[in-house]
Amino acid sequence: MLWPLFFLMTAIHAELCQPDAENAFKVRLSIRTALGDKAYVWDTNEEYLFRAMVAFSMRKVPNRGATEISHVLLCNVTQRVSFWFVVTDPSKNHTLPAVEVQSAIRMNRNRINNAFSLNDHTLEFLKIPSTFAPPMEPSVPIWIIIFGVIFCIVIVAVTLLILSGIRQHRRNTKGPSGVDDTEDKCENTITVENGIPCDPLDTKGGHINEVFLTEEERLTPL
Amino acid sequence: MEKARPQWGNPLQFVFACISYAVGLGNVWRFPYLCQMYGGGSFLVPYIIMLILEGMPLLYLELAVGQRMRQGSIGAWRTISPYLSGVGVASVVASFFLSMYYNVINAWSFWYLFHSFQDPLPWSVCPLNDNLTGYDEECEKASSTQYFWYRKTLNISPSIQESGGVQWEPALCLILAWLVVYLCILRGTESTGKVEQLANPKTWISAATQIFFSLGLGFGSLIAFASYNEPSNDCQKHAIVVSLINSSTSIFSSIVTFSIYGFKATFNYENCLSKVILLLTNSFDLEDGFLTASNLEPMKDYLASTYPSKYSEVFPHIRNCSLESELNTAVQGTGLAFIVYTEAIKNMEVSQLWSVLYFFMLLTLGIGSMLGNTAAILTPLTDSKVISRHLSREAISGLVCLISCGISMVFTMEAGNYWFDIFNDYAATLSLLLIVLVEIIAVCYVYGLRRFGSDLQAMTGHTLNWYWKAMWAGVSPLLIVSLFIFYLSDYILMGTLQYQAWDATQGKLVTKDYPSYALAVIWLLVASSTMCIPLVALGIFITHCLKKRGTAAVA
């Protein structure tokens, strides 16, 4: 009498939990990658713990406090280790909506990871994106601080050099070199033709140097 | 009485200034790339031959001209022949273009340097996306170092047409870079020296070109530096020393670069393998740890034969990992310095330290070369009596820095990196070849080789070696002419010019054509420095004719 019922239940269970079934999620574990030599073997006890963690997460959702471990169904466990799971309602006739399961898992992701000594990368819930911790941003970016320091140093150095240059220039112009400047100016009248300051060697100091008169002969035709 | 020309405190300052100018970023990121492209160690053969035939003679020539004429580039060439002052003008124009875009590299180095004081390094992790569920999309498709370079540093636009606005962060770094340059050149020669005390046929063409540009010939910087020498200075010895040190720095940095390449290639290869293993493990639900690097290939065949349909689904996503292809990704230029090197650094222990050291080194190299560039511009300006009478040296330096800084803000726009590439490829390449060719012909045939030789003997006391005479008169001009013809024909034959644009949606570089106004800018860049030579010669010829006609009319 009970056998047909039993077959019926397992058949329903089989229907509820299938790869790509409605509200089913695939889970993938990379235990050897995470733990290396200390990797544990994935057996039915580990599966029990997983179902317990999922049930725990669902119980934290309001209105789902009555979720039991037996409501979490696992199927298609592979060597990888990967499997599919669904969470059914107390009547075990249909599965809980994916959105609820998703948000429940996301809230308790850390606890689930820690239970298996894994992290977000080695315990993957496909289609349930994990929330990354936001990076710690200081109020003032570090680079601006360093930039400010170097900028101020350079500005101070430039100002000091310019001021000392001005002071030196003032000292020089008061001194005897003032005489030299006027001498220099009288000797070299600068002729400007077509905006190009011409200071050709041949008319230095107002005297024409005979040597350079024969320009055409000196220059080989270009 | 002429005002005394400022001089180097001692010959060592001059040597250091030249070395610091010649040893620049090109030694770090161009030479190793060329070595890799043209056969590794065997590239050294054409490189050294070109160094002897072309590099040293031309370097000695420029130093000798500067030391003999004791003026900047414009004055020096005007002394040789008034018609040739165009050569000096062309050098100054080329130097101006160079200083505009070169300092942007220093700005980037500052940016990376300031960001090296964080844990973790900002280019080692991808930022999270908006709802904190994963990493930023662009960063996932590319890599974290590429993302940091293209998005955080440049904030690059998808093409050169979309200029975007000036980005304030790189603009600030650019202002700082120019302030540092101004600080160094403020006091003139004396301060520059002291700061430094605290630097197939394609193979041969590349070697010749590399030597040429690596030594910084034709910009007028070497003439400017040498013009502050005492006439009795032995510039022959210095020319040899500078060129040898420049080349050994190139070779040394390629050793370092190759080890960095090897590290990065190994790391990426192992990463690629683990990604493929993960993909296969997940698709076929194999046991974790079953697939390893050693059994990957036979297992792939096994899986292909056992589950053909599923394998064919997965197959397009499987990348062929090969150490060879990782090693063959040769990169040069800013891509090498800011992407490849940072990628290698982020995987090292104590990466903050290596990062700080590396970018400090880039800054030292870059600023050293910038000082040479600015000297090439400032020396003719301060030599000119018209300008130096009205403005002090500090004011001239300040004005030059301000104008260059203002114009180079273009490179901090979103499309700025594309304009940077234009300047980098075209501003100085062809024009410099022409400038140096005219220089060498001017000295040998216009001024007269014999006369120059006797001038040098009177100055330094050494007779001119037959080797220098042979190189100056024959070999070097021939080499430059052939280089010039090659590049000119290469430009003409290439047709439409193209550039690499960063596609944010795909996370990689794509090739695009330049729009017409960008092509116009390219032609303008090349023309404005090359045309100086004939135009100024023509101008002076006309003024002389007018003067002669004027005097004839008076007579």
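Each Cβ is built from the backbone N, Cα and C atoms, and glycine gets one as well.
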TrEMBL Na(+) site partner of B:Ala22, B:Val23, B:Asn27, B:Ser214, B:Leu365, B:Ser369, selected from B:Asn229, B:Asn233, B:Asn246, B:Asn347: B:Asn246
Which of B:Ala22, B:Val23, B:Leu365, the listed binding-site residues, has fewest other Cβ atoms within 10 Å: B:Leu365
Proximity verdict for the transmembrane segment (B:168-186) and the transmembrane segment (B:43-61), three or more C-beta pairs under 8 Å: no
Whether the transmembrane segment (B:82-102) meets the transmembrane segment (B:470-489): three or more C-beta pairs under 8 angstroms: no
Stretch contact, the transmembrane segment (B:356-378) with the transmembrane segment (B:517-542), Cβ-Cβ under 8 Å, 3+ pairs: no
Recorded stretch, among B:43-61, B:207-228, B:426-449, B:470-489, maximising Cβ pairs under 8 Å relative to the transmembrane segment (B:12-31): B:207-228
Least surrounded among the binding-site residues, given as B:Asn27, B:Asn246, when other CB atoms within 10 Å are counted: B:Asn27
Helix, strand or coil at B:Ser369 (Na(+) binding site) [DSSP, three-state]: helix
Fewest other C-beta atoms within 10 angstroms, as judged across B:Ser214, B:Ser369, which are the binding-site residues: B:Ser214
DSSP three-state assignment (helix, strand or coil) for B:Val23 (Na(+) binding site): coil
Residues from the same chain, set at least six apart from the ends of the transmembrane segment (B:43-61), whose C-beta lies under 8 A from its own: 34-35, 203-204, 206-208, 210-212, 214-215, 217, 222, 235-236, 239-240, 242-243, 247, 251, 436, 439-440, 443, 468, 471-472, 475-476, 479-480
